[in-house]
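Peer 1: Let me begin by handing over the structure; questions about it come next.
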């Protein structure tokens, strides 16, 4: 006999919830109505106050457990709704130019990445809790021709009174009172030499790779009768469990993923060349888009709890 799943609807005085959107309102308690075989049942559901939502938004949920008090979560592979991380401060976007050696005053040689800035880093939109449900500043980067944009994209930028730009990214902040549309953001005004930054970017794509290159596996013997040189070896037991566990390290596509390198030191800011030198390596190859933001340091700009 096929199982009959209950249907749920969640309503409060300020919002109705559904998974088609990514935000929720923050009532401390709402009522949960469900029906099984046509029999209505009403239960109370307590929600975390970390959820945010604008009025009249609808968020569909596949199923809700009344006992979960901190998060609303769907089944495996579904959407998990939680509070988005807030940046430590406003940042900018840049372009990776390459790497070089930097000599400090005492003669120490430091490997640095040179990051340049194309035309852009202009505020295109300021989002507030009253209008969008959260505080954020949208920044545009890298000018391009009008015909490269769609009409909605062009209208969005024209509304802010800015030039056509290729990339748009948001910096979620606690307060956005100091920012206005069409405001120019300069790296030398936001950061100084010695500051720590978090840099995000897309890693270099390597294509399909084996276990040795992708996961640093050790290869097998090349002599002594060995028939497996670069093979994985055992990937699990036999009849029990009778399948390969999820997450097993195996050959597959390597690289081409978004990553973040934290707490990199700014070694030099050259305003004449419009470049900045960052200690260490950053994701991607020369020409890659990078996102630079103040480093999150617990106890300094991020609360310990």
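Heads up, the Cβ atoms here are built off N, Cα and C, so glycines get one too.
The region 'Disordered' annotation in Swiss-Prot covers 228-256. Annotated transit peptide per Swiss-Prot: 1-84, in sequence order, evidence recorded as experimental evidence.
A description of the local structural setting of each listed feature is requested, covering burial, neighbours and distances.
Peer 2: For the region 'Disordered' (228-256), the residues of the chain that approach it from at least six positions outside its boundaries are 202-215, 217, 219-222, judged by C-beta separation under 8 angstroms.
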Peer 1: With DSSP helix as H/G/I and strand as E/B, how many residues of the region 'Disordered' (228-256) fall in helix, strand and coil?
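Peer 2: Per-class counts: 0 helix, 3 strand, 26 coil.
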